[in-house]
Amino acid sequence: MPVQSICCIGAGYVGGPTCAVIAAKCPHITVTVTDSNAARIEQWNSDILPIYEPGLEELVKRCRGVNLFFSTDVKGAVKKADLIFISVNTPTKVKGAAGEVGLAPDLQYVELAARTIAREAKEGLTLVVEKSTVPVRAAATISEMLASANRPGVSFQVLSNPEFLSEGTAIKNLLHPDRVLIGGENQQAISDLADIYAAWVPRERILETSTWSSELSKLVANALLAQRISSINAASELCEMTGANVSEVAKAVGMDSRIGPKFLNPSIGFGGSCFHKDIMSLVYLCKHYHLPENAEYWQDIINMNTHQRVRFCRKIVSSLFNTVSHKKIAVFGFAFKKDTGDTRESSSIVVADYLIGEGAEVFIYDPKVPDRQILTDLKLPQITKEISPGVITPEGIVDKSVHICRDPYDAARGAHAVVVCTEWDEFTTLDYQVIYDSMQKPAFLFDGRMILNHDTLMKIGFRVHCIGKSLNHPNKTNGASATNGYH
Ligand code: UDX
Ligand code: UDX
Ligand code: ADP
């Protein structure tokens with residue numbers, strides 16, 4: 001039977017945008033997005049949405065109150081639904097057995113959602129769709145929980161439908177996906193879900209696989225993307241030593257159609273809620289199946305990322321005459337990438353943390369991240385700090401050493417150095433002469449994203465350091481200047 005009513009459990013970065021697009025494209029379906037966090041639901045129902053995503057606001061305003069609803073009444077929405085998306089958070093475990101902490105995903109929220117569904121679902125068949133990234137065989141666990149409710153006349157089909165949206169372009173990715181992946185064991189259930197997407201996605205892009213292939217594809221896709229970044233970052237260090245230019249190298253290798261140009265931008269390391277968590281899930285799975293070489297292979301992607309972050313921090317300190325104590329450093333960008341206010345696993349956290357630990361006064365500017373979020377990220381011990389050799393900063397020191405600025409010029413005024421951590425477009429159009437004039441001399445600039453024109457900056461007088469190109473190397477040729485944004 002065609003789906004007429006959808007409930008989504010979890011109104012986050014995945015659930016919110018996904019349901020807004022389904023509601024816009026399927027006016028005949030009622031979509032209710034639920035969350036146990038009342039403040040979050042209140043924001044979804046207000047003028048200022050809880051997440052920033054280009055194009056999202058327009059869709060929500062168009063559909064909200066028509067066929068798109070946001071509610072804290074999880075049970076009520078579950079009772080009415082033909083199809084339920086589970087899109088709750090699945091963070092990496094921070095407590096538990098030694099072999100699991102920092103590796104295995106914490107499934108407590110998935111389990112709670114499954115138990116609610118088991119108790120409250122309507123009579124007849126309900127499709128339960130796993131949208132959160134959960135480890136392979138999670139669908140089996142969800143199925144078991146649903147079956148254990150043992151309610152006569154109530155049945156479930158569990159499907160895996162991983163999300164490949166990327167923050168900052170989520171709406172575009174949802175409207176024009178490279179593929180939609182549906183994993184399941186029951187053809188009718190798969191077809192019912194495929195029919196929803198077919199309202200706007202060409203059929204040949206809707207891929208049907210087994211549940212296990214679908215779950216694993218999500219982890220492998222993210223690991224391969226992250227691996228490209230770690231590989232180009234590894235190359236960037238070699239470029240700095242040899243006098244090569246990583247932007248030239250990335251362009252040259254990316255023109256090989258077997259390699260392709262995307263995801264080859266060197267950086268201070270990848271962040272975001274997915275890459276680290278999904279690779280750790282892969283490592284955990286490999287260890288679980290006694291595949292140590294396999295586990296080590298994936299783990300090295302993370303190790304290289306940590307190395308890249310730390311070596312950037314060390315470069316800042318060593319360039320500033322080996323000490324940043326009591327020096328003022330401006331950090332441009334705190335989000336894990338441009339066009340999002342999300343800071344989960346952001347490399348900026350590691351950089352700021354490191355500098356504070358070295359005694360610096362850090363002045364942070366980001367166009368989208370709320371002040372409160374920056375302070376929380378720096379104060380609360382979290383997984384990033386546990387795996388990175390950055391310093392765990394005591395709360396009092398954060399209050400004393402961190403200053404949040406309204407604009408980049410404020411952040412840079414009187415600073416010894418500017419450190420570009422996020423590739424926001426607006427950083428490429430600032431008046432760097434004005435910034436230079438307002439700074440202490442010698443004025444340093446660290447471009448952790450390769451987005452600025454280094455020749456121009458050096459002409460102004462900056463001492464410039466970047467990733468993958470040594471501006472003072474004896475072998476330096478008059479190489480191309482920076483790439484601008486992603487390819
Ligand atoms: C390679 C490079 O492709 C080429 O650009 C370079 O100039 C020389 O090295 P070649 O060694 O001739 O070329 O063959 P290639 O097609 O790259 O295959 C190399 C090996 O990888 C083969 O053993 C091939 O069977 C294997 N391979 C390739 C895989 O196992 N899986 C694949 O998906 C592709
Ligand atoms: C990622 C996947 O792209 C998406 O398919 C999946 O569903 C969720 O995880 P997201 O984390 O939103 O999406 O952002 P992404 O664009 O992949 O960037 C991740 C991190 O890698 C960012 O910190 C980004 O700055 C960094 N990055 C990306 C690079 O350092 N270099 C690149 O070339 C690309
Ligand atoms: P993602 O990036 O995967 O979307 P988020 O953390 O942004 O993750 O969103 C997940 C949302 O799921 C949070 O808003 C959280 O409050 C919500 N959530 C978690 N568990 C439950 C539950 N059992 N019932 C309802 N909402 C839940």
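Using N, Cα and C of the backbone, Cβ positions are placed for all residues, glycine too.
What TrEMBL records for this protein:
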- C274: active site, nucleophile (ACT_SITE)
- 10-15, D35, R40, 88-92, 132-133, E167, 274-277, R344: NAD(+) binding site (BINDING)
- 330-454: domain 'UDP-glucose/GDP-mannose dehydrogenase C-terminal' (DOMAIN)
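Everything TrEMBL records as a feature, shown here on the structure.
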residue: G10; record: NAD(+) binding site; Cβ contacts under 8 Å, 6 or more apart: T34, D35, F85, I86, S87, V88, N89, Y109, A113, K131, S132
residue: Y13; record: NAD(+) binding site; Cβ contacts under 8 Å, 6 or more apart: I51, E53, E167, A170, S273, D342
residue: C274; record: active site, nucleophile; Cβ contacts under 8 Å, 6 or more apart: T133, N222
Between the binding-site residues N89, T92, where is the Cβ count within 10 Å the lowest? N89
Go through the binding-site residues G10, Y13, D35, N89, T92, H276 and pull out the ones with a Cβ less than 6 angstroms from some atom of ligand 2. none
For D35 (NAD(+) binding site), name the DSSP secondary structure in the helix/strand/coil scheme. coil
Just counting, how many other CB atoms are there within 10 A of the CB of E167 (NAD(+) binding site)? 24
Count of other CB atoms lying within 10 Å of the CB belonging to D35 (NAD(+) binding site): 24
Secondary structure tally of the domain 'UDP-glucose/GDP-mannose dehydrogenase C-terminal' (330-454) (DSSP, helix then strand then coil): 49 helix, 19 strand, 57 coil
H276 (NAD(+) binding site), DSSP three-state class -> helix
Are any of the recorded positions Y13, T92, E167, C274, H276 near ligand 3, with a Cβ under 6 Å from it, and if so which? Y13
